[in-house]
Structures are given as C-alpha cells and as structure tokens.
Amino acid sequence: MSESFKVCFCCSRSFKEKTRQPPVSIKRLFEAYSRNGKMSFDELLRFVSEVQGERHAGLDYVQDIFHSVKHHNVFHHHGLVHLNAFYRYLFSDTNSPLPMSGQVHHDMKAPLSHYFVYTGHNSYLTGNQVNSRSSVEPIVQALRKGVKVIELDLWPNPSGNAAEVRHGRTLTSHEDLQKCLTAIKDNAFHVSDYPVIITLEDHLPPKLQAQVAKMLTKTYRGMLFRRVSESFKHFPSPEELKGKILISTKPPKEYLESKTVHTTRTPTVKETSWNRVANKILEEYKDMESEAVGYRDLIAIHAANCKDPSKDCLSDDPEKPIRVSMDEQWLDTMVRTRGTDLVRFTQRNLVRIYPKGTRVDSSNYDPHVGWTHGAQMVAFNMQGHGKQLWIMQGMFRGNGGCGYVKKPRILLDEHTLFDPCKRFPIKTTLKVKIYTGEGWDLDFHHTHFDQYSPPDFFVKIGIAGVPRDTVSYRTETAVDQWFPIWGNDEFLFQLSVPELALLWFKVQDYDNDTQNDFAGQTCLPLPELKSGVRAVRLHDRTGKAYKNTRLLVSFALDPPYTFR
C-alpha cells in the first residue's frame, strides 16, 4: 500500500505506507515472556510484575488487560495473546505511565500549606493583559481542567453603585461579578471535591464590599467556609475542606492601619500630621464598619502583599497563618537573599506568586523557582501557551489530577531547611528509551506536516527541576514515517532532587527549510512515574490530549527511589 503526495500540477510522489509493526526490541520482549508466539495469563502476569513493576497485580488485573484489547480480534482461540494483541496493550490507556486519573493517593489530611495548589492568574481574561475580553468562559475551562484557585479583580463600575470584574487601568472589558460567582459554583467540583479558593484583588469601598459579601453568601450558602476563630496554628486540610469554597483577600482597614505610625518615640511633625489624617479616616471607617463586617467575616485566608522592601513579609505569627503574594521579580529577590527563610515560611503560611506586570502577552515564567522554595500557589495565565504552562499542567497531572499535590518531605522538614541553591549528591538515575510512536495519521491530515512527503519526526526530552538536574536530549530523526521507530538510544538523567523533577517530551517534524512543525507534547511528574514500557499520550499546545497520538517509552530508576 502506498501514499501519494502532489509535487506539482501533473506529478506526484508515492511512498510505501508502513504499517504498525512492533519494533525489534518489543518483539524480543514478547518472546522472552511467551512460548511459540503466544502469551498465557500467567506469562502476562509475570511480565506485568517483573517489567512493569506492578508487584501487587493479580489475575484480575491481567483479565482487565485481556478485555482492554479484545476488540482488536488478535487472540488465539484458546484465549492466548499474540504479539499484535500484546503490542496493542502496550499502546493502550490501560498502560499509562501515571496512576489513573481521578485516583487520589496522596495524604490529604495535612494542613493546606503542605500542598502545591493548581492556581490561575486573572482567571477571567480570554487573551492578553491589555485589551482582551473578560468572560466566564476561561473560568469554567480552568475549573474543568482541575484549577483550584481562581482570581477575580473587583472594581467599582462607572456609576460606582456595583462591583464588576475587570483588569484595572487597562483596555480589557469587564464581566458581571454574579456571572463569575455562579460559574465558579457550577464548576468548582467538576474534577474533584477538594476546595476551591477565590482570591479577590479588592479595589472596592466598604459599601460595595458589603454588597459583595451578600452576593457571596447568597450564591455559595453552605459551601462557603468561614473561620471559627481569628487564631489557629495551621490551616485546615484539603480533606476537611472538601466541597468548600474559601475567600482569600486583604482584610478591610488593614491598609490604613498599616499606615498609622506605632512608636514610643516622639513623632515628627510629618508623622503626627499623617496620624491625625489616618485616625480621622479610621473613625469614618468605623461608621461604615457595620456595612463591611460581613465581608471581613467571609475571608477565610487573610492576605498580604510583599512589595515594601522595608517590611518583613516573611514574619511568621504562630497563631495566624496568612497568604502572602509577590510577583516573579520579587520572588527572585527573595530567593537570592532569603531562600531558606521563604522555605520555612511556606511550611505554615501560603505564598502566591504571580507574573510580572510586563507580561502583557499573558506569557508565563518558570514555576520551579516558586515550587522549590515551597510556594503553594504559583499563579499562571491559563490562556497562555508554551513550555512553562506544559510544565505546570504536568505537575498537576499528579495525585489523580485533583488540583492538589502534596509537597515532598524535603520542603516540610522544620529542622533541616531545604536550600535549592545547594548542590546535592545524585540520588538516582532515570533511564528512558523511546521506542516508537503512532496516531499522527489519525489526528492530523496527511499533508499537515509536509505537502510532499510523510513527516520526519524526532523527539526532544528533558528534565525540569532544580538547576543541577535540568538537562535535555533529542532522538534521531525518523525520515518519512507516520509510525516512527527510534529505540537506539537510552537517555540517562542523573537526579539530585528527584522529588521536584518533571520529565517533558516534545515531538516535532523536522523541516530543512523552515521552522520545525509541532507534533505533540506532554510532561510527567517524576514521583508519579511508573516503571516499565508505557504508552505516553501526547497533548496539543493548549494541553488538550490527542485522541490517538502516543509514544511508547520505557522508564527505570536506578537505583529505585522511594518518594513518599
């Protein structure tokens, strides 16, 4: 069978179409666990245990594999598996490199500060930060992808009689606040029952804060989590907060109170003048306090900004854990000057990182800087694209994709603080071999990659993690093949902090004259990675999984490493 490509109006080129044939290495693997070209239940169970590392698998597990490939009609009449059925099993969703989606397997009973949380930035924007449209659509999409922290910017409307959602001081449009709140309510627990946190960037006067409090109370009712005390040593756990929505923002009056000079020395004329003004405003504020008290009482996680260099935003009140926000530039400053202090602070308190203001194109930054210092809420523009977003999506494929990933022990040890800048010894080596891939012929038009020939695929593969572990490689190019076979090289990744490592793949079609064409990507959290030969499903630029396109890859850690 051949495949034809038009070269000009009257000519065409034909290529012999290659079928889905198992690579030689897979054939040898099958032969090692079969007899006379057929594999029995017991032999398949031995393969699953010895090669795939499924030590606790039994005959029920093997029967599920049989059923998963039964429709391929490649069984021996006695129920034995032929090579092609074995090959289809290896490429099936049953053979994923990660635990099944929806299977939460981390301890969810620790304080909220012990988890990385899937976090969005300016969650209502559909595009750039300057003049794009505001809508509930990106909020819905984010929640349905597992995002658990939604940000809303609240401003008075032009009439000053209601709050609206918009990116202030830009040309972006506004969205109705009630629509946003309802969208969150309707989609908050689509992926998992673990809590959703709404971070409010509040630019409202007390009267509108009171109005927002009524909207929140009416919309969420019993779903709304309320603090039972102003003093507590730790945040509640995700398990305790199941089905709850938490509000996080700066409490009213905090700004003015922070401006009042508290000192025992004789104040200057300038300070005295400011104190009089501030105290007068505070008195006026007290008159309106009855209006805003409901708003203040709804704030489950008190927030503070980290913008003033003279203010110690990492001071830890043992009775009042808080959330501190800082942009990526301020994070870099903190990392250089107070890295271990930041790690200590995040053991009890929450830290939210957000993109710097110059990222007007809604691009993103390296999330690992925040994660390696314990920051729980590394906020991303979910409407953006690119490698950094793929890494973010990869991190939260962990723990069943529930939106919460337990931080590794190294970030929670109160006695030996983790220092990401320190050079650690190699703990283990990840060995990866990419055998083959398939599905592009089903997910793409036959001229998508090249008008005149089948595609020339190659794979880039690398580690995202601490600087010492960050490295990448690429395979050779498989020329003119819809079903490329590589498998000659084994890629070795020496890992000093495997707990924070993610493995990324990017497939491209090689083009000699123009930019290489994108052909799929994915990112896998190393602590979740299963050993053995696995089917790695690829995703498009936005993170949506292709229906058919996969790589067949083997993974092994040498020596084996225990993550949790």
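Just so you know, glycine gets a Cβ as well, placed from its N, Cα and C.
Owing to the predicted nature of the structure, the values given are computational and were not obtained by experimental measurement.
Ca(2+) 2 is bound by ASP509, ASP511, ASP517 in Swiss-Prot, and the record lists one more residue there from ASP450, ASP469, ASP558, which is ASP450. Comparing Cβ neighbour counts within 10 Å across the binding-site residues ASP450, ASP456, ASP509, ASP511, ASP517, the minimum falls on ASP511. In sequence order, ASP456 are the recorded positions from HIS121, HIS167, ASP456 with a C-alpha within 10 Å of the C-alpha of ASP511 (Ca(2+) 2 binding site).
The Cβ of HIS121 (active site) has 25 neighbouring Cβ atoms from other residues within 10 Å, across all protein chains displayed.
Here ASP456 (Ca(2+) 1 binding site) is positioned 5 angstrom away from ASP509 (Ca(2+) 2 binding site), judged by their C-alpha atoms. Looking at ASP456 (Ca(2+) 1 binding site) and HIS121 (active site), their Cα atoms lie 38 Å from each other. Across the range of the domain 'PI-PLC X-box' (106-250), the DSSP-based residue counts are 40 helix, 33 strand, 72 coil. If you take the Cα of ASP517 (Ca(2+) 2 binding site) and the Cα of HIS121 (active site), they are about 29 angstrom apart, rounded to a whole number. Surrounding the centroid of the Cβ atoms of ASP450, ASP509, ASP511, ASP517, where the record places Ca(2+) 2, the chain contributes additional residues within 8 Å, namely PHE449, PRO455, ASP456, GLN508, TYR510, THR514, ASN516, ALA519.
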